[in-house]
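Student: Have a look at this one before I ask anything.
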Amino acid sequence: MRRSPPSLRLRLSADNLVAASGGCWSVLGERRAGSLLSASYGTFAMPGMVLFGRRWAIASDDLVFPGFFELVVRVLWWIGILTLYLMHRGKLDCAGGALLSSYLIVLMILLAVVICTVSAIMCVSMRGTICNPGPRKSMSKLLYIRLALFFPEMVWASLGAAWVADGVQCDRTVVNGIIATVVVSWIIIAATVVSIIIVFDPLGGKMAPYSSAGPSHLDSHDSSQLLNGLKTAATSVWETRIKLLCCCIGKDDHTRVAFSSTAELFSTYFSVSQGDLVWSVSSEADLDAELENCHHYMQFAAAAYGWPLYIYRNPLTGLCRIGGDCCRSRTTDYDLVGGDQLNCHFGSILHTTGLQYRDFIHVSFHDKVYELPFLVALDHRKESVVVAVRGTMSLQDVLTDLSAESEVLDVECEVQDRLAHKGISQAARYVYRRLINDGILSQAFSIAPEYRLVIVGHSLGGGAAALLATMLRAAYPQVRCYAFSPPRGLWSKALHEYSQSFIVSLVLGKDVIPRLSVTNLEDLKRRILRVVAHCNKPKYKILLHGLWYELFGGNPNNFPTELDGGDQEVLTQPLLGEQSLLTRWSPAYSFSSDSPLDSSPKYPPLYPPGRIIHLQEEGASGRFGCCSAAHYSAKWSHEAEFSKILIGPKMLTDHMPDILMRALDSVVSDRAACVSCPAQGVSGVDVA
């Protein structure tokens, strides 16, 4: 973005990592899945630790906050055991009491040693910078010591459990206290085992045979086989992780396909585009009309989320208003409406839209992978049949989002290049089949044949709404679509241009989703790696500064993080003080733009739907939006303005539907009140 404020623009300065806060952390963690393949593409990986002869999915500077948490737990535990021993040692003069006394004393000594070791690990982890782990070279030895201490911990916890189980005849308070210490011991041991499993990289040892010599001694065929084998292995690992994470989801065909697509996306992105300069001119009168339409139809897009969003928007009164609908059985009014799994949703839908039972044709909250909830209603105010598709609300929806490879959209239109996001395309096809095959649209237009069709949705629902409108346009030429905060990576450039005449997208501020695509993520990855290469702050300081900036605001430029005397020219040089970060077999170090995503036919550059209205906040409304009312400006924008992901504290909150609704309320009321404002003719020219 050329027009973003300099303080929040992601340039070659680590200052902006402060503004990124958690976003920076997540990108820094990308090595955890892709350090294995990064060498094959001429990039570099962050310094993952090497323990037991293999690289692990954690860096030596990642242990500050986990170490602090464990330290607090251990110290509180040690104080509790000491208090128990001092207060009740006189009651240990009983059968088996000597064993329990010995157990507590040895446990306190063992805990003291662990506390000292964890303190040392935390202090060493705070040294150096992200790309200069030299000051942390003693970390591996400390971790070996820490891991060795788990064996006496496990042995002592087992002995304590055995002694307590023998039925010691001592004071019940003492016995209960010791039982609690045994339980806590096993909980911490179990948590440690889980942590080790999480940071264990099954592929961490596969590059060892080539780490020094590289593949230069292999012919091109062997190198290709090696690379393909590593890609397959990485995809398999990611698929296993996703299946474990989503173990509560069913195992139907769509779910298995979504698992595979998501795993391939992650393994490709974590391995190791340019917009055209186009003028954007639209009339101010057209902008006012479309803003009013967006303000009206956003109510339907919000209603599709059901009761969770309604309660979130009305925390004090929402439950009281719709609580009765959750308890009562279906009434005759409900029978007027087709659909399934309504539960508590119908009451919130009525309150959000202001419609009556009889105005709804179909309401479905059936939710599976590639199958989105939606509602169909008669909007008498705008004389339209409204189809509203729900956005992301469940783990199934997330899998639909992450099925990001491209497929050809089966639609009747003159466009040749019809590539679209696979997951969203499948979801739109599901709604299309329900609307047509189940006769839902036919029923609606039999009641109101003169009405026009309007399709709306927010986020994932906005992308599905755009695709659905395109699918239905052959049968309903007057169809209109309003996509609120839709994903950028939706469909081809040709379909983007084709949709200009019947789709309007609305984007708020620095919302990350309308800028989110696989190619944009790859671009962000490269930019942040360039920043990280010249960041002279420890990771924990960056995160603390980011947290402070997120909570209390301020200027990120107050936290200098550029290497002394550094300039942009040295960004092409190897990282300072850490040759192990470089690709050992790469002939030259570079931030090459070549990547598996740039050329992959599965992930071509994709674009947002329709014409785009961009709402931007004017001035500051306070960090939490409670100090003063925010005011917004609106303008037509070209898709190229959303060709890069912007890092900032509102990149996530600007996507929330309640924030978008408040922004629409503000901008529509402000523009309606500004009756004396001079006409501006055109919205101006923006180049990205």
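Including glycine, each Cβ sits where the backbone N, Cα and C put it.
Owing to the predicted nature of the structure, the values given are computational and were not obtained by experimental measurement.
Annotations for this protein, taken from TrEMBL, read as follows:
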DOMAIN    386-519  domain 'Fungal lipase-type'
TRANSMEM  34-52  transmembrane segment
TRANSMEM  64-88  transmembrane segment
TRANSMEM  100-122  transmembrane segment
TRANSMEM  143-165  transmembrane segment
TRANSMEM  177-200  transmembrane segment
Student: Count, for each of 64-88, 143-165, 177-200, the Cβ pairs lying under 8 Å from the transmembrane segment (100-122), and report the range with the highest count.
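Tutor: Per the Cβ under 8 Å count, 64-88.
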Student: What are the DSSP helix, strand and coil residue counts for the domain 'Fungal lipase-type' (386-519)?
Tutor: 59 helix, 29 strand, 46 coil
Student: What residues elsewhere in the chain lie close to the transmembrane segment (143-165), defined as a C-beta under 8 angstroms and at least 6 residues from its ends?
Tutor: 49, 51, 96, 99-100, 103, 106-107, 110, 113-114, 117-118, 121, 175, 178-179, 181-182, 185-186, 188-189, 192
Student: Over the domain 'Fungal lipase-type' (386-519), what is the model's mean pLDDT?
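Tutor: Looking only at the domain 'Fungal lipase-type' (386-519), pLDDT averages out to 94.
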